[in-house]
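K.L.:
The compositional bias 'Polar residues' annotation in TrEMBL covers A:364-375. The domain 'Response regulatory' feature in TrEMBL is assigned to A:18-133. Annotation comment: TrEMBL describes A:69 as 4-aspartylphosphate. The annotation region 'Disordered' is assigned in TrEMBL to A:341-375.
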């Protein structure tokens, strides 16, 4: 193994197989470690899913197989499974004490190689090497198929640009094949080392997504993507297999979203009380997660753009809007990765409704469902003067970036961001972050000229206090996000975070304060701090949500006034922020 | 012998734990994992489990007393606890957990409360039993070791004793010779004394 971290596998495969075990239960972790060591495997153990992802990303090609538990506090096992499959393309085995068929099916759907039931026997672990072996064989077969295709194509002379790729691929593949032929199982390790496993890093995946978005999802093809990506060492079959996985991923998300949409459409007129929302939450959380991930995936590529846009302050509504959307998406992905999806209760409905865009009740109603938010935002935006066209442009710009439903969802999400954020339960911060930033951004864009009323300012401190509690939940997200994203993002994230914090904690009565917050938020984006605990308080008041958008929209309807004096708000905000 | 008695006791305890359904096959798996590298593996795992499970039980308890009860969260906590108890093969505890989860999915708070009491009870009973088991096991092991030590010690003493006797014997040999010499002298001395006495007596 060229890998410097772990020792090369000995000739006696499967001995020395490098296994990564992820489980939040320390007892099981110890037992599995001992069992795997007895099988003569090399074991690394992990308590947390994000720690595991970090390890996997650090040591690209450092592990042969991953064993993960399904229920983990920080991230859903299935989500981790998807990530590993997409980024590292390693075989993943799921484990759980729950052996329900639905769960097992879900595991297989998400790409698990196997699903073990706890308590796990040693003999079950002895056989895990077959998954590694099988995957290698399949990859080789794929490569050989690709080879044949490429050769045929070159013969036809169909694509000159492909020739370059073809030749290197061919050479590479032929070399690999020779290696493979030479090597039997005995030299399996050698073969695997020579095989250049493509690790789909975040950057690479972003490029991929950008290329896909540029081409247009329907017309996409591996060759086109490869050309656009302009990565010399990447082969067409790498792209093809990755595209396939991505497609499956999106289709799954799509299905979930449709499910949510239909479900949400029914309920839109009357926001369900907490209990239904709770059950709701289960489903929506799943869709939410998937959406988040999908969004994140879709817009990962645009993160670069977002970053640039972020640095130039207020270049234009268009840019900012798209930037926010993208950042939001990226954040969402990260956050959702890090958070358990289960808590996205009311978020689900809003998501669903957003998707379908069916339920947009009158804006005037005091208890509009969250979805009305999105519609309102849109209409509001359109109604407004100069900022609006820009916003609209932003809207129009966004759709091409990815599958329409999701884009719209994101767009609209910004509005319900507040509501959904409010309705979020402890664990589901991703949704709120995602929505909030966009909304906040939009609001701040258009509301910047609206000055808060005196009363609003007075009530601000009170507001801040109530928001303090909520700040805490966002802190960890920001920390997590900051740790995960490059620096350029931190600022934007901060902005989003702060916006989100302010928005989520706002009480409907404090709507004007929210305005203020958004306004000064804009000014104070970069002064926000992160670093609080992750515990997010469960939001039990769905009615809350409905009202917030209404109030938030007040400034939009009001005349544009002179910019808010941020100095007044600053101390309050800072106080609020730092207390938490 | 005491050691055998202890060994029998340990075996009996283990068998009863299995027969009464407190433990299942997983426990045997753990014992099989025990080797020279980890001679106390099973005990370590059991200790680890009981430490961690206390935390999990607390989570469940908190979720149960919260108003309103979040059944989803409760289910999740219990799922964690169930998974954990399956790690050491705590069969009865696991069964109670399954029952609890049934009540939980049904949204039956009353049922959950009752079952939770049972869960805690089984957990406590198992803990006591395993503690006793490990104590017996350890004491058996200790006695075993002690006996070995004792035997070794006795052997040593015996050797030393033998060694020292050898010396004594040698010493004794010399002494005898001396005594003999002394005896001769002593003997003549005594005769002298007698003679003198007699003489004195005779003069009278």
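Here the Cβ of each residue, glycine as well, is placed from N, Cα and C on the backbone.
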K.L.:
Let's check the environment of the residue listed as '4-aspartylphosphate': how many other CB atoms sit within 10 Å of its CB?
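P.N.:
By my count, 24.
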K.L.:
DSSP on the domain 'Response regulatory' (A:18-133): how many residues come out helix, how many strand, how many coil?
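P.N.:
In the domain 'Response regulatory' (A:18-133), the DSSP-based counts are 54 helix, 24 strand, 38 coil.
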K.L.:
On average, what pLDDT score does this prediction assign to the domain 'Response regulatory' (A:18-133)?
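P.N.:
Mean per-residue confidence for the domain 'Response regulatory' (A:18-133): 90 out of 100.
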